[in-house]
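Here is what TrEMBL says about this protein:
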- B:CYS12: active site, nucleophile (ACT_SITE)
- B:CYS280, B:CYS426, B:CYS490, B:CYS493: [4Fe-4S] cluster binding site (BINDING)
- B:SER327, B:ASP389, B:ASP390: Mg(2+) binding site (BINDING)
- B:12-261: domain 'Glutamine amidotransferase type-2' (DOMAIN)
Number of protein chains: 4
Amino acid sequence: MEFEESGIGEECGVFGCVAAGEWPTQLEVAQVLTLGLVALQHRGQESAGIVTSNGASPPTYTSHKGMGLVSTAFPPEALLKLRYGNLGICHTRYSTTGFSELQNCQPFVVDTLHGRIAVAHNGELVNARALRKKVMRHGVGLSTSSDSELITQLLALTPPMEELDTPDWVARIKNLMTETPTSYSLLIMFKDVIYAVRDPYGNRPLSIGRLVPISRLHSPGAGEEDTEGWVVSSESCSFQSIGAKYYREVLPGEIVQISRFGVKSLSIVPRPEGDLPAFCIFEYVYFARPDSIFEGQMVYTVRQRCGRQLAIEAPTDVDLVSTVPESATPAALGYAQQSGLPYTEVLCKNRYVGRTFIQPNTRLRQLGVAKKFGVLTDNFAGKRVVLIDDSIVRGNTISPIIKLLREAGATEVHIRVASPPIRFPCYMGINIPTKEELIANKPEFKDIAGYIGADSVEYLTVEGLVSAVQEGISSFQKENVSSQKEVGHCTACLTGKYPIELEW
Amino acid sequence: MEFEESGIGEECGVFGCVAAGEWPTQLEVAQVLTLGLVALQHRGQESAGIVTSNGASPPTYTSHKGMGLVSTAFPPEALLKLRYGNLGICHTRYSTTGFSELQNCQPFVVDTLHGRIAVAHNGELVNARALRKKVMRHGVGLSTSSDSELITQLLALTPPMEELDTPDWVARIKNLMTETPTSYSLLIMFKDVIYAVRDPYGNRPLSIGRLVPISRLHSPGAGEEDTEGWVVSSESCSFQSIGAKYYREVLPGEIVQISRFGVKSLSIVPRPEGDLPAFCIFEYVYFARPDSIFEGQMVYTVRQRCGRQLAIEAPTDVDLVSTVPESATPAALGYAQQSGLPYTEVLCKNRYVGRTFIQPNTRLRQLGVAKKFGVLTDNFAGKRVVLIDDSIVRGNTISPIIKLLREAGATEVHIRVASPPIRFPCYMGINIPTKEELIANKPEFKDIAGYIGADSVEYLTVEGLVSAVQEGISSFQKENVSSQKEVGHCTACLTGKYPIELEW
Amino acid sequence: MEFEESGIGEECGVFGCVAAGEWPTQLEVAQVLTLGLVALQHRGQESAGIVTSNGASPPTYTSHKGMGLVSTAFPPEALLKLRYGNLGICHTRYSTTGFSELQNCQPFVVDTLHGRIAVAHNGELVNARALRKKVMRHGVGLSTSSDSELITQLLALTPPMEELDTPDWVARIKNLMTETPTSYSLLIMFKDVIYAVRDPYGNRPLSIGRLVPISRLHSPGAGEEDTEGWVVSSESCSFQSIGAKYYREVLPGEIVQISRFGVKSLSIVPRPEGDLPAFCIFEYVYFARPDSIFEGQMVYTVRQRCGRQLAIEAPTDVDLVSTVPESATPAALGYAQQSGLPYTEVLCKNRYVGRTFIQPNTRLRQLGVAKKFGVLTDNFAGKRVVLIDDSIVRGNTISPIIKLLREAGATEVHIRVASPPIRFPCYMGINIPTKEELIANKPEFKDIAGYIGADSVEYLTVEGLVSAVQEGISSFQKENVSSQKEVGHCTACLTGKYPIELEW
Amino acid sequence: MEFEESGIGEECGVFGCVAAGEWPTQLEVAQVLTLGLVALQHRGQESAGIVTSNGASPPTYTSHKGMGLVSTAFPPEALLKLRYGNLGICHTRYSTTGFSELQNCQPFVVDTLHGRIAVAHNGELVNARALRKKVMRHGVGLSTSSDSELITQLLALTPPMEELDTPDWVARIKNLMTETPTSYSLLIMFKDVIYAVRDPYGNRPLSIGRLVPISRLHSPGAGEEDTEGWVVSSESCSFQSIGAKYYREVLPGEIVQISRFGVKSLSIVPRPEGDLPAFCIFEYVYFARPDSIFEGQMVYTVRQRCGRQLAIEAPTDVDLVSTVPESATPAALGYAQQSGLPYTEVLCKNRYVGRTFIQPNTRLRQLGVAKKFGVLTDNFAGKRVVLIDDSIVRGNTISPIIKLLREAGATEVHIRVASPPIRFPCYMGINIPTKEELIANKPEFKDIAGYIGADSVEYLTVEGLVSAVQEGISSFQKENVSSQKEVGHCTACLTGKYPIELEW
């Protein structure tokens, strides 16, 4: 199978829902979960899993997992099977590690002496290797390579388990958070409750929403008395498609309990003295959907600001500004606004080509990524173009695009990248090519413009990116989030400065 | 399964390829066909079929058909099976009629006394019913409801068949063209040749391209001596993704023979005296991919002109111009340019939601098409918006979008439609809702703004559309297409003026 | 894929059902059709098709076709779709010819000037090639290589068609029967009627059954007033599994009309003077299920008689008689009864192995067909065995079995075959290996025992087979079938004497 | 979906293979495993799993699991993936428990501090519930409901783990065997070795075979020097189909190590003083394939002896003996031999009907299991029949068969069952209907003949069964198995006497 592009990949998305009010609920929980997860599909397309609970004592859990997109993985029969749930969590997954693919699919469900729990995880434990050893030394066999299983075994291990009517899961979660500082956003379902947890550094996002009656959705004043249920999601973009209103973010280090009675903050586990939060800056730059809200600001707005900043840092003398559709469009519009240059479309994406089988070693392979784009020749023939991209990872995607534009008559093609060069690996949940594959670490990077065939190439600076991100937060923070005055972001892949020391 | 939106649908796309030079060819014909067809996927997603020929005497034909997208319908095994072809045609299909779905899938292949032929058809024969009767009266049973079978039987019927070494297919094709004036773009494969045919009114598009070595693709001067093969396609947008250069359109009424020796115009069957060409104007407005070229002009450019014209005909006093992504974007940019208003994105499309199973009668259904869009609130909250759409067919899609925008804080939402209201059925290959379903024919249309919840709604005039389309042609025509001086377009769905008289 | 055994194959099975009494019927016609077809699965496993009609004026036909076993080809959704039928026909298919597999799947449905008909066919037209030419010369294109399409086009062709309220299909069927003498058993559905037709030589079987209420099934006296519907099937074995009672055979040359009012013989088209019937004798020997009834006798009984006759013609001095499970078991039991030798099982069949993927060129391939059999060592170790087989086509199946038995301790292994050697091709619907592949035509046949490793090999004589078959008929014929006093069987594959002269 | 019959079900089959000689091996280990597992398909059809190891330090394990039959679960791609294994184990599974089906599929693979192990299990731990508690009390979460996971966690737990080059797995296995007395036959793969383990009561079978060159297979004297590999299987019937010779059984309580150097008995864990072995007697009666060898005797022979014993205990005055095909055939032949009555076939099984979809509440459902059988009327009409069945569990299968025979003309139908009535549940790996569902526990059992419509019904006595089973063992035992002089069988489902005390 063809696999030309290999950029950077998100690890996962998590989503949960608890029906409010009387149970059995009238709310179609399994449908809400599915549709909520579909809205997180950009965070992982490999497999998807769902677990619902009826919330009874003891609870009945129903689960379904499948390979591929949510629409494939959750066929109508599966949703039928899950329909009696009053609450549930689900997960969509990006990468394949380990050797039985479906087995690594989350949520992970285990029986413990306290009862059955289900865990969905977005992130990557920085000290996973040491923790696996620790768990195995305790005499536990680990059946998958996934952090989720490790997390469930860690939750079960300490403090020692007893058969209890009301087990203290919060103590276990707090203990887990002392064992591993980052990176995780977790949903833990136990009987009739979901615990939503973000690591102390807040490295991965997690937001809470409130389901309101569709009829009240468009009346701004719908109060809490109308709540039909609570949802929790890696990104708030999923709220729109299920008729939920944005409620708030889970804070770094926070353990939130979501039950049919509402949302309750149970604890905020602090970071080590002096450490700043380390929310992944690439969620803004690349991963998140533009309509998601992080730290009180819309991702689209941040990307637009990056484009504006880029126009200040790296102006060009050209005839028009354009975008590599479609993730770079907000930045391109920002660049156009700041520079005063006209925003013009030069490429048209073919949505279907990606999944077609192409035999290796044929003339068609040589076309590379150009197969995915149609050229809007008349829009730029005889003109000088600045093309905005959101990131350049390997350089093998942008190069054939530049060739395309030149062939179609662009007299100059300048590249401006709305983020700094990626130079370092991520150990916190992002799949970045090896250091050697990153264009920024190659000798060719010295003449990157020559290498990819552009007239000039410039990147946004790290300072520019950080200020574009943080500019919109400070005012919001002061007003809204009293418990968390500091602002900080993980820029490790750009700077090599990891939020915590890595010992392997 | 959920099926909320039901707009207008294209009937089909056709694509063909003949390897140039010595046979057996080194060109991966089956791959070229597949990728070319993928680029026409927007014209039909229901099923796909492919037939290749080795071109020998007698020829061996290999065929594969499948349901769904090209990527699903043509698995690697199928391509393997087809790999010895030196030429071939393929087809992607939109609608389901008749009762054995795969059976209706094209190309249609039949054995005749002259040998085996394969036919792929885009369009709809206006006098199909009478022709079916005629053929059946001759004692022929028709095994499908498709026009393609009818066309093949008509080709076989007249003149009477004899076993010949060099049958005169052109005479048969000409005879067919006298039997049925429109609407069809046809690919007919016989042994080592493809006949590309467009009806005398030129109702459906058909373009020819030339495959050049990938290494020469980016050198403008690649001459005919470099030709690796010839392709023919419903739309020129497919040439980009296979490394072909645009060559020319098949003209209305023209029969073109494509062989390994090149492209040869065999005949141009004339229209009745006084009749103008009738190329479907909705190919420009809605169906075609924006990077396709018809009548010498890029579809994107026409849409942009429609937007400009709309701004002249129907200005608004608002803060920003936006689009219903993504087909209306060129028109929206045109409107913005003409009006001087800033172009701003207000919606973000979720590509995955469409294929998810939703149970009927649930709260999620009530969300309607809004599930497909994320709202970029910060871009327009507190502002007056004019939203450009390319067409409003039933009115049930735009209405929930307007609600979304208002809820998110738009103070005014005006709708401008970059085409006139659709009021009449199409009998020439476009699937339009019944007259009663069309919003323009409903009583509510009198207060369309009130009905869909907009502050104002205005449509482009028919004159405005026609002039926006034809403005770019005249100059081109004079210079390039000597054989066809007149310009005309079918606007039947807007005006009720059909290019030929309809007798049923 | 592994394909070690390649014996002789049946071409197809056909099945039809018409609900009796008031319509819409309460009878689950689609289910009856499916289950009836399942009972004919041994006649073809490649693909299956079904068409139902509501019987209205004009009728609505619903159809479904699929690859593989009936259980795979007809999923629950398909049956749901078909459930409003008041009558229907279906077909299961053996071989792959032509190039679009599903397309060749029957029943074949066509629109004619008389209306829509559906045709299911078991057999093979001996003069198909000439008839195809004839039809194509008339200007008809043939879209498949199947005889069924040819039959439908022949039915449509003569006499010339007119639009009639009550078309004379019987005249058309009679005309067809003059065009092609054999081999066919046909079901032709038109609106509210099924015509069941057997060629004048009666080469392929066709039987009629009567559906009675399940509650009355076990009361022998259930009269015609209880009839819930009528069924027609290639073999009567299918009646048991749907709760139908055996009614009678369709006679050679007979056209029977089955409607909701019952069964009516419309005509018997005669054979040329002096020609005997030519029912395929291999239906008795090999193809049919043992519980089917042909010509008034149970197939099992005929096979048992063959075994008895074999014991008379070819006795052995051994310790026990056994069978190659499981088709040869009736003959083995007959041999045991006649010879007085004890019947003992020596092999145990593994039903699952056949469908497993085996890589070529491995040690496992060398095991050959032995992989399919377990050896019941203790039953025969140290003993002399005579093994009865129903036929030896190529000799590559029996050889490894003999090795198995010897290795497990059989002191002698004698082979007795309950049919004569196959020496000639069949042109009437049976798939026989080429003349060169048939062991009986190879030089090695002179020492067949040595070639396959047996101590001795003997076959039943043609005379022995014919008398074993006809012994049970004569008395039945005299009493029951007044219209058809003669008895005759096609033994062409054994003797080269074909029922009609073959001209190609 | 229809599910008429619900008898008793086996839990699983296990199979393993180690290539002998130099590694990488030339032996196609994955193919041997697959084909060996296919031969155990009758022990479980729900899902199948396979794990191979290259045997290196550290080893690479490759695994594949799938739902359905082995042929479906292991497609060619999967075998390709597994082809570099030098050893491997596999498993086929019967029942669905737990909520993620594929997750419960074996072999179970876990990482431990000692390295990765794979475990395949046939049986059921009698004290599973207590052991789960114990493991969970240790702080382990259990992700499945399968005993296999429990076994792996128990192996990991005691003695405490250390990172060792040569971990003492035998000590761990011995410890496991003290924790749980029965029921299990286990294959444990670690790096380059398979441990084959049978519980001290020998409740489930396990046999070892030796792969010899195919060319030497039929020469009886093939010595150990020719060994190509070693296989271990739930039943010896699988040896035939892979070209292996029967070597010996794993003894009750024995731990056998199978490596490329051969087979080595490591230990025999004893039963409590005074306890007899408890090999499941129903393996003889019902589960095992007739060509398997247990305790030195062929299963077929035991069944035949049961039939003979039944003829002595429960003679009938009838005209013929017959069988419910095909599991009861050996007993029926035994009954015929002992009684002198002729053995005659009366039923013919339709192999395809089982998997067809039947709508509930239709006339076809009323036909019940009769749909699966064709009646060989002429063989018994007007005669008195004794029908031998192997067991009657619920009584709903035999009843419609008796009706069938009567309707077809049997004047008397007597039932003789070649095993005693099942009255008690099994806790050792067999899936028996609940006590209330068992016909032997219902009030109707007093007049069972009347209830099922037979003229008489009689069962084999427990004493009769035990003597029929043990008659063939004693002589064998004396000669061959010095270490295990006693003979004993578990008859708990018949007598309620469980081999060990059950505490829940």
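Numbering starts at 1 and runs along the chain as displayed.
The backbone N, Cα and C atoms fix where each Cβ goes, and this holds for glycine too.
Here the features listed in TrEMBL are placed on the structure.
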residue	record	Cβ neighbours (10 Å)
B:CYS12	active site, nucleophile	25
B:CYS280	[4Fe-4S] cluster binding site	29
B:SER327	Mg(2+) binding site	19
B:ASP389	Mg(2+) binding site	21
B:ASP390	Mg(2+) binding site	23
B:CYS426	[4Fe-4S] cluster binding site	19
B:CYS490	[4Fe-4S] cluster binding site	27
B:CYS493	[4Fe-4S] cluster binding site	25
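A straight line from the CA of B:ASP390 (Mg(2+) binding site) to the CA of B:CYS490 ([4Fe-4S] cluster binding site) spans 18 Å. Looking just at the domain 'Glutamine amidotransferase type-2' (B:12-261), the mean pLDDT is 90. DSSP assigns B:CYS493 ([4Fe-4S] cluster binding site) to a helix in the three-state reduction. According to DSSP, B:SER327 (Mg(2+) binding site) is assigned to coil rather than to any helix or strand. A separation of roughly 15 Å, to the nearest angstrom, links the Cα atoms of B:CYS426 ([4Fe-4S] cluster binding site) and B:CYS12 (active site, nucleophile).
When the Cα atoms are compared, B:SER327 (Mg(2+) binding site) and B:CYS490 ([4Fe-4S] cluster binding site) turn out to be 21 Å apart. Other than B:SER327, B:ASP389, B:ASP390, the residues of this chain whose Cβ falls within 8 Å of the Cβ centroid of the Mg(2+) site are, in sequence order, B:TYR286, B:THR323, B:VAL324, B:ALA328, B:ALA331, B:ILE388, B:SER391, B:VAL417, B:ALA418. For the pair B:CYS490 ([4Fe-4S] cluster binding site) and B:CYS12 (active site, nucleophile), the Cα-Cα distance reads 18 Å. Geometry remark: B:ASP389 (Mg(2+) binding site) versus B:CYS280 ([4Fe-4S] cluster binding site), CA distance 19 Å. Each residue contributes its Cα atom, and for B:CYS493 ([4Fe-4S] cluster binding site) and B:CYS12 (active site, nucleophile) these two points are 18 Å apart.
Here B:CYS280 ([4Fe-4S] cluster binding site) is positioned 14 angstrom away from the residue listed as 'active site, nucleophile', judged by their C-alpha atoms. Apart from the site residues B:CYS280, B:CYS426, B:CYS490, B:CYS493, the chain places the Cβ of B:ASN203, B:ILE281, B:PHE282, B:MET428, B:GLY429, B:ILE430, B:THR491, B:ALA492 no farther than 8 Å from the centroid of the site's Cβ atoms, the recorded [4Fe-4S] cluster location.
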